[in-house]
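K.L.:
Have a look at this one.
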Amino acid sequence: MNNQQKIKCPICGKQNTWSPDNQFRPFCSERCKLIDLGEWASESRKIPGSSIDPESIVTSNNKQDNEDEQ
């Protein structure tokens with residue numbers, strides 16, 4: 001019995017099989033995989049959320065370092 005799930009490529013919508021044989025899953029091809037990577041790299045795709053002030057990260061890390069030293 002073949003229980004391989006059919007999925008749509010998130011880039012082009014082409015039907016493909018979710019299986020270990022598909023090295024590009026969930027994409028249908030290397031081309032679609034690279035298009036997706038390019039969209040993330042150019043920030044046209046991003047995870048929604050609020051921006052983080054880089055200065056607050058430095059301050060937070062410095063506080064943690066000081067606490068670790070004590």
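Including glycine, each Cβ sits where the backbone N, Cα and C put it.
Quick paste of what Swiss-Prot says about this protein:
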type    : residues                  : note
BINDING : Cys9, Cys12, Cys28, Cys32 : Zn(2+) binding site
REGION  : 43-70                     : region 'Disordered'
K.L.:
For Cys28 (Zn(2+) binding site), write down the residues of its own chain that are at least 6 apart in sequence and whose Cβ falls under 8 Å from its Cβ; none is a fine answer.
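P.N.:
Sequence-distant Cβ neighbours: Cys9, Ile11, Cys12, Lys14, Asn16, Asn22.
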K.L.:
Which entry in the list of binding-site residues, Cys9, Cys12, Cys32, has its Cβ near the fewest other Cβ atoms, using 10 Å as the limit?
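P.N.:
Each of the binding-site residues Cys9, Cys12, Cys32 was scored; lowest Cβ tally within 10 Å is Cys12.
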K.L.:
Take the mean position of the Cβ atoms of Cys9, Cys12, Cys28, Cys32, the recorded Zn(2+) site. Which other residues of that chain put their Cβ within 8 Å of it?
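P.N.:
Checked against the 8 Å cutoff, the neighbours are Lys8, Pro10, Ile11, Gly13, Lys14, Asn16, Phe27, Ser29, Arg31.
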